[in-house]
Amino acid sequence: MERDRSIISQVNSNLFFIVVALTTLAFFKLIAPFLLTCFWAAVLAIIFFNVYRRYRIQLRGRDSLAAAITTLIVVLFVIVPVALLGVALVNQIINFYGNIEAGTINPNMIFDYIDSNHPQMVIWLSDFGISLTELRESLNTAVTEAGQYAANWAIGFGGSLLNTFIQFTLVIYLLYFFLVDGWKIERALVNTIPMGDIRERVLFRRFAQVARATLKGTLIVAFVQGAIGGVLFAVLGIPAALLWAVAMMLLALLPIGGSAIVWVPAAIIMFIQGNVASGIIIVVVGTLIIGLVDNLLRPLLVGRDTQMPDYVVLISTLGGIAMFGLSGFVIGPTVAALFITVWEMMGRDYGGRTR
């Protein structure tokens, strides 16, 4: 009799866990289109939690008002500037592509300059089997395809403004409630997940630490590099300076190569065109200022706080971007940090044991 009850109890437990698993999978399938939205709201809540806590203390525990003020700050100083930058970027991409189509910007001017002023270079390149005509055709094809892609992206971005607005609205909405109820959510997860409260709290703390360090550090480095590069290009009269500034910003998210992928070719083009002074200025500013920002700030703001080797940060960032797009520059290192933390727990709690 007792054995039958035990079997029935075991069956009931198994069925219950199956129901839990199925409903959990169904729920995540349901919110799958908004998982990245939830992720960014959670990351913003982590970053601005100290601001929220400061207002909460000043307002004597009025959680809702403190969260509302913090959310308003995020909207005014983060989301609105990003939206305005996006609109300006879309306009500049469309104008840049229009100038290429109209012939105002001619990618072949580099080869025309070489043909006219450096015929010896043409002979030297041909000795190595490099045809200037083939290079010209390849560049035209690449520029046309890149321009069409950028223009289509810009038009698509403009056409999906409603979706973008909905995503931003959801981020703001979720941010408010994550600030108010974040500690309740954490406590509920710690009490529910059967993994040991200490381990769960360590993982939550590690997630917050890495997400905060990666986002703040990487974005600060990227913004500073892009801003310096954009101002430099604007002063030198390079067309579409804002477009190249944003390109440098995005490329600066990568731990290797970074903004140099933009300013090095720009300097080479200046030298080829005979604009030696501008080329030297780009090289000096790119190497001594933009490069110094990357070499000094990135290790201080990212590597130190994430407590991960540079090569792990690099490979996890690249993998994250490949899998999740721009959001991957935060998701990648965060997953890597959780992976390392879990295996450290495994080694500490179970390593070296024998039966």
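Cβ atoms are placed via backbone N, Cα and C, with glycine included.
Predicted automatically and left uncurated, TrEMBL annotations should be read as such.
Database features, via TrEMBL:
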- 7-28: transmembrane segment (TRANSMEM)
- 34-52: transmembrane segment (TRANSMEM)
- 64-90: transmembrane segment (TRANSMEM)
- 153-179: transmembrane segment (TRANSMEM)
- 213-236: transmembrane segment (TRANSMEM)
- 242-264: transmembrane segment (TRANSMEM)
- 276-293: transmembrane segment (TRANSMEM)
- 313-343: transmembrane segment (TRANSMEM)
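When Cβ distances are compared across the two stretches, the transmembrane segment (64-90) makes contact with the transmembrane segment (242-264), since 3 or more pairs at least 6 residues apart fall below 8 angstroms.
Taking every listed stretch (213-236, 276-293, 313-343) in turn, the largest tally of C-beta pairs under 8 A with the transmembrane segment (34-52) is reached by 313-343.
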